[in-house]
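Novice: So Swiss-Prot says this about it:
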type	residues	note
ACT_SITE	C381	active site, nucleophile
ACT_SITE	H507	active site
ACT_SITE	E509	active site
BINDING	S13, K188, T189, K190, P191, T192, Q193, K224	UTP binding site
BINDING	S14, L15, G16, K17, G18, I19, D71	ATP binding site
REGION	1-267	region 'Amidoligase domain'
Amino acid sequence: MTKYIFVTGGVVSSLGKGIVAASLGRLLKNRGMSVTIQKFDPYINVDPGTMSPYQHGEVFVTDDGAETDLDLGHYERFIDINLNRFSNVTTGKIYSAVLKKERRGDYLGGTVQVIPHITNELKDRVYRAGKETNADVVITEIGGTVGDIESLPFLEAIRQMKSDIGHENVMYIHCTLVPYIKAAGELKTKPTQHSVKELRSLGIQPNIIVVRTEMPISQDMKDKIALFCDIDTKAVIECEDADNLYSIPLNLQEQGLDKLVCDHMKLECKDPDMTEWKDLVTKVKNLSKTITISLVGKYVELQDAYISVVESLRHAGYAFDADVKIKWINAEEVTESNIQELTGGTDGIIVPGGFGDRGVEGKIIAAKYARENKIPFFGICLGMQIASIEYARNVLGLEGAHSAEIDPSTPYPIIDLLPEQKDVEDLGGTLRLGLYPCKLQEDTKAFEAYADEVVYERHRHRYEFNNEYRQQMEENGFVFSGTSPDGRLVEIIELKDHPWYVACQFHPEFKSRPTRPQPLFKDFIGASVQAAEQK
């Protein structure tokens, strides 16, 4: 029978529940378990697709085109699995589904209520995740903080599941904070005690408490937490702040988190083989080189908006024994006169995806500077469109060339709306989303990176390169190294007379893994390392 683990959080948000859930998933997978994982978000939006990155951070896209929470990126990178649309559930999705059923008459005239209709729908989403993947274990992270009014239906639903399927098939892990009070020079357990009290008042007794802390906590403190929260002392797991996220699974394993889970759920687990993961952590701690990559974007104040890009750069760095430092550059502040100063000491420039006109001209200047000064350049999604516009303006001499998204009246719409998007009115869930094939042209940097003729990458865009300008661009040294199999959609562009200048319409950052870097990121960092060594 499938087992279900629920990860909740208390005291404050942003405790790292997602990292704990992902780490546990990795540990159980290495014990031979088939694992899937999902995130429940209590907000009323149907998905984060139309939310500002300042509100939510990155929107992570799955193979099947779901726009999801950034925690799914952590899940995929840690556990090395591909998730799907069942892996992210929001209040908006739940209420939408229930209301559709009510309109169809599925409830036979009954009064639709939070209990049982909303809670039943929530439980169904948990069970469905297991059925769709045939997983041994389903891990579900409950977003928000215990005590939030938005989370109450979610907590009630997972409370009911213990009675529905038996206590040995359900486990609750609660993440809390033990803050350090600098003036007193003490760690305090009281917030944890109150958070668990709140959770227990809702009918949920945690089996394990994971304590986030700035510094090691004493055994006496663990004993105190165990006493007041009515759990075994061994079930109080310390999660100290870490410089390297990938060391956390090893930290949790050392304290027996995965063994506690296996014992409680009566799982027949083999001994975990963490050799590859230990080698990764050792490598990360002993990188011998350092390079700097300038990231030119519009959301740089909130670095979570680019979290998969940053992690992908780091993964690629590991392959070259290089620590990748990010120089965050606000595209709105970039001008022709300061671009050299802003990117000083840079070994490579990356322009990631985005929407809207803010900062676009700064990104175009960055692409031009990288092209003219032979600095390795990588453009992603909007970054590819930016590179195309810059080349059209400054090499082909098409003054005023732009994207129809940014300037609908441009005389040269190098980037235009996808034909199937012309009659679309709703913004949410209507982009070109998910996994699509890309056919590569031989004797190009893209083909060299992938060493394959056809590759599959995840997309999230509404605009595309305008084929009316393809021949003109090709005749002037612009290389279309990747297209859709029918040749209609441009997927990858690059320059011949440049050490490494490549841009893609898709989002390669969504498929990178710490032990298996994404090919384009790997070659970009390889070129940047080479550039650094030649200085």
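The backbone N, Cα and C atoms fix where each Cβ goes, and this holds for glycine too.
Could you give the neighbours, burial and distances for every feature on this list?
Specialist: Annotation for C381 (active site, nucleophile): spatial neighbours P352, G353, G354, R460, H461, C504, Q505, F506, H507, criterion Cβ-Cβ under 8 Å with sequence separation of six or more.
The DSSP secondary structure for H507 (active site) is coil.
The local packing around E509 (active site), expressed as other Cβ atoms within 10 Å of its Cβ over all shown chains, amounts to 29.
In sequence order, V178, M221, K224, I225, F228 are the residues of the chain that are 6 or more apart from T189 (UTP binding site) and have a CB within less than 8 Å of its CB.
Within the same chain, residues at least six positions away from G18 (ATP binding site) with a Cβ under 8 Å of its Cβ are K39, D71, H74, Y75, E141. Look at G18 (ATP binding site): DSSP puts it in a helix.
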Novice: Cα-Cα separation of S14 (ATP binding site) and K190 (UTP binding site), in Å?
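Specialist: About 19 Å separates the two Cα atoms.
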Novice: Around T192 (UTP binding site), how many other C-beta atoms are within 10 angstroms of its C-beta?
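Specialist: By my count, 27.
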Novice: Return the average pLDDT for the region 'Amidoligase domain' (1-267) as a whole number.
Specialist: 94
Novice: If you count other CB atoms within 10 A of each CB, which of G16, P191 wins among these binding-site residues?
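Specialist: Counting Cβ neighbours within 10 Å, the top one is G16.
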Novice: Looking at Cβ-Cβ distances, which residues of the chain lie under 8 angstroms from K188 (UTP binding site) while being 6 or more apart from it?
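Specialist: Set apart from K188 (UTP binding site) by at least 6 residues yet with Cβ under 8 Å, we have V178, P179, Y180, I181.
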Novice: For the binding-site residues listed here, L15, I19, which shows the highest count of neighbouring CB atoms within 10 A?
Specialist: I19
